[in-house]
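Annotated in Swiss-Prot:
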| type | residues | note |
| --- | --- | --- |
| SIGNAL | 1-29 | signal peptide |
| DOMAIN | 41-97 | domain '4Fe-4S Mo/W bis-MGD-type' |
| BINDING | C48, C51, C55, C83 | [4Fe-4S] cluster binding site |
| BINDING | K85, Q152, N177, C181, 214-221, 245-249, 264-266, M375, Q379, N485, 511-512, K534, D561, 721-730, N805, K822 | Mo-bis(molybdopterin guanine dinucleotide) binding site |
| BINDING | F797 | substrate binding site |
Amino acid sequence: MNLTRREFAKANAAAIAAAAAGLPILVRASNLVTEADVTSLVWNKAPCRFCGTGCSVMVATRDGQVVATHGDIKAEVNRGINCVKGYFLSKIMYGSDRLTRPLLRMKDGKFDKQGEFQPISWEQAFDIMAEKFKAALKAKGPESVGMFGSGQWTVWEGYAANKLFKAGLRSNNIDPNARHCMASAVMGFMRSFGMDEPMGCYDDIEATDSFVLWGSNMAEMHPVLWSRVTDRRLSAPQVKVAVLSTFEHRSFELADLPMVFKPQTDLIILNYIANHIIESGAVNRDFVERHVRFAHGAEDIGYGLRPDDPLEKKAKNADKANTWSDIDFKAFAEFVKPYTLERTARESGVPAERLKALAELYADPKRKVVSFWTMGFNQHTRGVWANNLIYNIHLLTGKISEPGNSPFSLTGQPSACGTAREVGTFSHRLPADLVVTNPKHRETAEKIWKVPAGTIQEKVGFHAVQQSRMLNDGVLNVYWTQVSNNMQAGPNVMQEVLPGWRNPDNFVIVSDVYPTVSAQAADLILPSAMWVEKEGAFGNAERRTQFWHQLVKAPGEAKSDLWQLVEFSKRFTTDEVWPAELLAKAPELKGKTLYDVLFRNGQVDRFPASDLAKGYANDEVDAFGFYIQKGLFEEYAAFGRGHGHDLAPFDAYHEARGLRWPVVDGKETRWRYREGYDPYVSKGSGVQFYGYPDKKAIVFALPYEPPAEAPDQDYPFWLATGRVLEHWHTGSMTARVPELYKAVPDALVYMHPEDARQLKLRRGSEVKVVSRRGEIRARVETRGRNKPPQGLVFVPFFDANKLINKVTLDATDPISKQTDYKKCAVRIELLNLA
C-alpha cells in the first residue's frame, strides 16, 4: 500500500491510540482513505460523544449507518487526532442489545412492579407515565415528582427538560449527573468570581511554562489535551510539569515534580503555597489591591450526610456552609501562616523539597502557570474549598485570565458545561447563572418563557444524592432519568439508591440506549436515540459550543430525549398542574397543554421546517412541524446575550468548529475578564471580574478539615474510584465495543505490592472489597498503570459486574452537594473459594 505523508500521519495517530489499549495496529485501515468518490461514504463533522474535551470528529455514513470516524483536522481542539475511544465511535451505537421498543414491567397484561419487562407502544408508555405523574401531583404536589438528567444531554434536550419541570410541572426536582462531577467546580467559580466556567482556554497549553495537575489523570481522562501538554513539555526546555494525586498514575510519567499526598491533605498543600507566596514577597500587590477582596468562609460545615447522622449533628455550620465574612489581606496572611512547609510535609507525606519547588512555580513572577484539575478536586467533601484555594494562588500572584496563566477546571462529560451548567439543569439553577432562589432571576425566566409570575418555585429542589434519599423515604414517587446510569454511578447503591427505585410506592422511568444496570432496576424503559441519530449541541470545558446534524436514523422505535420530553408535555393541561391563582394571572393559558404553553409559545415554534439545512434529516422537525432545535436554542440564548454569556446565532454553529462564549459581534472570547480579549471589560481597566458588582474576585480563608470517613482497625484501607482510558464512565457504550472491551474487560483492585504480600495476596487473587455499606468481588492488580501507595486501593467504576459504588459513601460537599468518591474506608479479604 502506498501512503501519502498525510495518510501516514493519520495512520500513525491511529496506531498510537490503538497501542495504548493493546489493540492490533490494523485499526489504521479504517482511517485512511476518506474520499467520497472512492468509498461511497458521506462525511460530516460532529463533536465526540465521550468526554468534556470536545474533540471534533469526521463521521462517515453509508446506507443509513455510521461506518467510520476520524479526527477532524480542521478542529482547533484536537487537530485531527482522537484518543482510543474516539477511534471506535462508529461502533458505540450498534451493540447487539440496543433498546428499540418501550418496555414495561407487566403481569397479566398490566403494570406490575414485580413483573417482567414486556414491549409496549409509545402511546401506552406515555399513558402510564401521565397516570403516575398526575396521581403523584394531585396527592402530594410538585415535590413528589423528579428528574435525573445528564451532562450528556444536548443543549436543547436539557433546556426542554428544565422548562418542562421548573415551569410546566412546577418542580425544581431536576438535577443532572453533573452533580456528581462538576458541582464543586460550579460553586468554586460562583464564590470566587460570581460567574461560572473557566476564564482561560486550551490555547493556554501552548503559552505556559508550567503545568500543575491536581487530582487529574489527564493522560487517561483527557488524553488529547495531554498530547498537547506533552508536546509543549518536550518542545520547550523551560517547561515543567507537576502532578499531585493520592496515587501514582500514567500522568506521572511526564512529571518533573511527582507528588503523592495523603487523602484530603491537598487543602493543607494549597494553603501552604499561599503562605509561601506571602512570606516570600511574591504577592502581586498591584493586582491584588485593584482586583481582589478577602473573605473568611464558614468552617465546620458537615459532610452532606443525612441530617440524623452523628457527623451532621456535630457540625456547627451545616446550615450555613455557603456563607462568609469580609476580612483584609493582613487577616488572610495570619490565617495561612500556620500552614508551614514543615507541617505540610509532615501531614501530606510529600517531601519538603518537592513542596517548596511546587510553591516556587507559582511564586516565580517570570513563570506562567496553568493549573488543571478534575475529579480529585471536585469529588471531595471540601471540593468547593479546594477550587477556591487554587483560585487564591492564581489571584495572589495575578497569574490569571491571560495567555498561559490560568486555573482550569476540566470537565468529564461532553456537555457538563454546555447543558448542565450553562442551561442550568441543576435543582437550584436556571440558564446563564440564574438561580431559583432569587426573585429577579425567576422573574427573568418567567418573562422569557412567557409564563405567569410565580410559576417557578423559589425552593431549591432535591439534588442528586438527595433524590435517592427521597425516593428511599417515599417523598419522591415518580422519577424519570435520561442519559444517566445512577444505579451504577451513584454512591452507596445498596443502602440509598436501589431501595428507593424498588420502593413499591414509586414509579421509575429510564430513557436509555442499552439495558444498563439502571434500566434493569426501572419500571419503564424508553428506547433513546443517541449521538448523530439526532441533531445536537454540546458545550465543552473551554466554553466552546459545537453543533452537529442528524446523520442517521435511530433503530426501531427509539426516539430522541428531546422528542420524548416534548411529546410527553402534550399529556398535561395547565388546569391539571397549575393552581387556580396562577391561572388567574394568565386566563388565556387555561386549558392549554404544556406543549402549547412551553413549546408552541410563538418563540420556540417561530422557525419553519424550511430553515433546516438541505440534505439533512431531522426527526423532531418531522414530528412537530417546525425547527424545534433552533427555536429552543434561540429562546435559551436570550438569557445570556448582553449578560456575559452571549451565544452566536444558531446557524453560525453549524458552519464553525465551535465558538467560545461570550460571542459578541461574531467574535469569540478566548480569555475572560481581561481587557483586549473580553468585550465586557471596560477600556483602561486591565482586568474586571464582572461577576460581582465591584468587579473584584474573592480570596477565601478556608482551613483543612478531615474527611467524613478514614481508615481504622476494621477498615484499614482508603478506597478511591475513577476511570481508565479505554472505558467511559459506566462502560455502557465502551463495553459494547469489542476492541475496547477486550483491552480492559474487568475492573481490578489496584493495590501496593507490599499490602498484597502482607495480606497473603498476589496479582490475580480474587478478593472482596468491603465497606460498612456493601462489598464487591474483583481481582488484585499490583502492577500496571495505577500504583497506589501503601494503605490505598483504587477501583474503576466502569464494570457493571463489579459495582464498586455498592461500597462508596454518600458523603457530599455541603456547599455543592457533590459526592466524594475518592475517600472511604474499606478492608480487603481473600475469597475462600473452597
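Along the chain as shown, the residues are counted starting at 1.
Note that Cβ sites are derived from N, Cα and C of the backbone, with glycine treated the same way.
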Listed in sequence order, the binding-site residues within 10 angstroms (C-alpha to C-alpha) of C48 ([4Fe-4S] cluster binding site) out of K85, G215, E248, M375 are K85
Helix, strand or coil for E248 (Mo-bis(molybdopterin guanine dinucleotide) binding site)? Use DSSP.
strand
Per DSSP (helix/strand/coil reduction), K85 (Mo-bis(molybdopterin guanine dinucleotide) binding site) sits in helix
Under 8 Å Cβ to Cβ from E220 (Mo-bis(molybdopterin guanine dinucleotide) binding site), same chain, six or more residues apart: give me those in sequence order, or none if nothing qualifies.
H249, R250, S251, R723, V724, L725, R785
Calculate the distance in Å between the alpha carbons (Cα) of M375 (Mo-bis(molybdopterin guanine dinucleotide) binding site) and C83 ([4Fe-4S] cluster binding site), and round it to a whole number.
20
Far apart in sequence but close in space: which same-chain residues, 6 or more away, have a Cβ under 8 Å from F797 (substrate binding site)?
Q488, A489, T721, G722, R723, H729, T730, A747, L803, I804, N805, Y821
To the nearest Å, how far is the Cα of C83 ([4Fe-4S] cluster binding site) from the Cα of G215 (Mo-bis(molybdopterin guanine dinucleotide) binding site)?
20
Inside 8 A of the center formed by the CB atoms of C48, C51, C55, C83, which other residues of the chain have their CB, for the recorded [4Fe-4S] cluster site?
F50, T53, G54, N78, N82, K85, G86, P223, V224
Between E248 (Mo-bis(molybdopterin guanine dinucleotide) binding site) and C51 ([4Fe-4S] cluster binding site), how many Å separate their Cα atoms?
22
By Cβ count within 10 Å, point out the most packed of the binding-site residues listed: K85, K534, H729.
K534
Cα-Cα separation of C55 ([4Fe-4S] cluster binding site) and K85 (Mo-bis(molybdopterin guanine dinucleotide) binding site), in Å?
11
Just give me the nearest neighbour of C51 ([4Fe-4S] cluster binding site) among the binding-site residues K85, G215, K534, Cα to Cα.
K85
With DSSP as the reference, give the number of residues of the domain '4Fe-4S Mo/W bis-MGD-type' (41-97) in helix, strand and coil.
7 helix, 20 strand, 30 coil
